[in-house]
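Beneath this line is the structure, given in structure tokens, with notes to follow.
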């Protein structure tokens, strides 16, 4: 991993960029720009969740959309039943985190290997998709919230100021909140990775047997990381549901799961900044392809992805970092990389 | 009694479909550890090859048994030469690339042929099991599935090519040291896997809804079957198909297709939990 | 609409290109009409003719001098069969393009995803696909048919013609479940019995178990609400098992993803459906409509069915309302539409029912004969009585939800 974005200076740079975006975007772009940026942010949070568990925990999860969808549904159900949004947001994080912990216990303590883990998580997402799809009709409800089957749950109440359900956030406020949450998740993960826990986690990713012989229980560390990833994905689902006022089973779909993987791969695995950039870039591209009418949208996306893999195989952020690193004196780099085991 | 026969026939047919959709993937994943996310689109391409060539006047059997595997096999060769060979040993990049490829194929087929194409109907007609009708074409697809399993097994077991492939799979540097070019073996294996998938797509074409996005309906099941099967390509996919196909068909007949599908998936999860290395990780370890 | 200098410059640059005869349109900014349908992905086949029909309607108005002396700009996005993109582009239409009206949505899920957006930003919205009924919202007009309009006709014809023992197969989502309930109710109303009802997830491709089950139950007829190209495999496997023509099939959905073009004649012959429109309809308005689309977009356009015809009529209904109210502002246009406005379109006479904001329209029964629909029965002026049983926007104008209609069936 190139050291450019590691270290305190790099971190400060990323956060500064985030703050600038938060302040500048509302000034230069209209309401639509903000609303659109908000969904990109929600996807960036989602990409971070997988970027963390995959890039640093070495956990291949092909069904991250399961936690994303659970978060979205938990928020929608709680917001409709409780009126206010504070509990709903907490539940949107807690429910997927708990579910991830359960699933993680089942997998890690069963000592299931990588590829099989991928298949299990994918299967779980497919099951949730099938089950949610078959909940149409008024007999399927939790409290006052009807699950709605394939049609999904429309008109979900938006986030409000704590304690006052009538004070719903405006699109501008919601954009700022989303940016703050994205930066908070990013910061939290960096701190976590710089901590003892993070170092052990990376050590396990590098060599599970060696870590085990040194007295660490890989199963426990992976389980905790997986649950944290589930919670973050749930938060993303909560943001997404708020953004559109809507959640449907497509949140669990195979296409959604695959998209998350692509965010991470394109941005660069083993980084935290990469998945964020990957998510924004892909979402932007997909949006763009629907506004042109000359070529099939899938065709364009496919060509771009293929081009990227062949030309920029290590992901965008590491590639840029490597380019920049050439310019920066080697001595500084050596100093920076020895400071920490974390990547951006 | 006749009903029992009919159900039994359906179970065998369900197993055959799983074998068809997973054997090509098993060859590519089992030999090369490449997760081909465009597998569903390879099936789609095979189905399109059959449909288009039949509509252009080629005999249906020729289309299914010859045109489809050749077209998709050549396409696989092209893909291997242009994309995959740069990415060996990089599991993640191949996933990204094959995902891009799958989008590209869906988009490309849509652009070339539109979203619908006139399909071909199943030939052969029906036969009777007591008072019930069953499709003779299903008998044909069962036969093809069996032949594919047997064929791959014989090639691996009895031919020099199979021996070299197995050696390359087990220890590429050693094989290379003995004068084998691993890259050529990989290329041929990938093309072989693609051709098998193409043949499967051709066989499915008359009984499926042929459309550019049809691959999505098969891919999850194919992956679960292959990974459930474990290391041995032929025995593994065969056994996993038998297990999952039986569960799916029996539960579907007893209850509903939703529960049938969920039962299949849960069975897969439980099986992986009990046998973390797949069926052939525990049993039949020395099989192929 | 606020006119900025830039908007005026832009429109005066665009209009001479669009319309060679420069009239009063020069002076005013164009009216903006938004379209949101899937043009790629699995639903692309359904969306393409909808957009084509809308283009025809807009162009006809522009050629005749526009609306209120203003030209009409059509802004369309390809939602790529993705629900997230529906939300995203709906916001773009509402906030960036600031359109005056939106036509679109195919699945109920897509409609439910964009309905809150248009409610929030106060944009008038027309949904033009047949669906399960029950939407009750002042900001939306549903111009397609609902089960009370089509299913009843279909079931009563089928049970009278073929027999009383019915086997129902349907797609496993809201539309399928609700339609299956209506099928059950109407079957029982006609003195028939439902032997079994089966639901299939949209990605099921293997129907052999069900085909065996149907054979062992021996029903007089099958009612199908299967949806999508995966489900097309049912008709294939049905044919492969030698069952085509042995047990008749009536369907509320057959044809929506171009099944007729995908299947061979012997697999589809004899299937009966009920819709608000068929392109084979030989009325002058229908012939002119189909000719116009084929002339402009070639004969390769996918089948022009109810959604395309309803989109065309929705735009014309809206245009009538704009003319009547003299503005494109939302509330006056809604009021004009709710005055019981009607339009003579390709499907026949269409009238807005103000209580539900659905359409009173003709319904047709047709039989598949050699890959064409033979329209053999017409039921004029059918009302959306299912939605009317739960929704009255005249009495309760502030509702915005989709009711799940409680269908009374015997156990």
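Note that the numbers count up from 1, one per residue, in the order the chain is shown.
Using N, Cα and C of the backbone, Cβ positions are placed for all residues, glycine too.
Straight from TrEMBL, the features:
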- A:9-28: transmembrane segment (TRANSMEM)
- A:34-54: transmembrane segment (TRANSMEM)
- A:61-80: transmembrane segment (TRANSMEM)
- A:86-108: transmembrane segment (TRANSMEM)
- A:115-132: transmembrane segment (TRANSMEM)
- A:172-193: transmembrane segment (TRANSMEM)
- A:220-240: transmembrane segment (TRANSMEM)
- A:260-286: transmembrane segment (TRANSMEM)
- A:298-321: transmembrane segment (TRANSMEM)
For the transmembrane segment (A:86-108): best-contacting stretch of A:9-28, A:115-132, A:298-321, by Cβ pairs under 8 Å: A:115-132
Relative to the transmembrane segment (A:260-286), the stretch among A:34-54, A:61-80, A:172-193 with the most Cβ pairs under 8 Å is A:34-54
Dominant neighbour of the transmembrane segment (A:34-54) in A:9-28, A:61-80, A:115-132, A:172-193, by Cβ pairs under 8 Å: A:172-193
Please check if the transmembrane segment (A:61-80) comes into contact with the transmembrane segment (A:220-240), where contact means 3 or more CB pairs closer than 8 Å and the residues in each pair are separated by 6 or more positions. yes
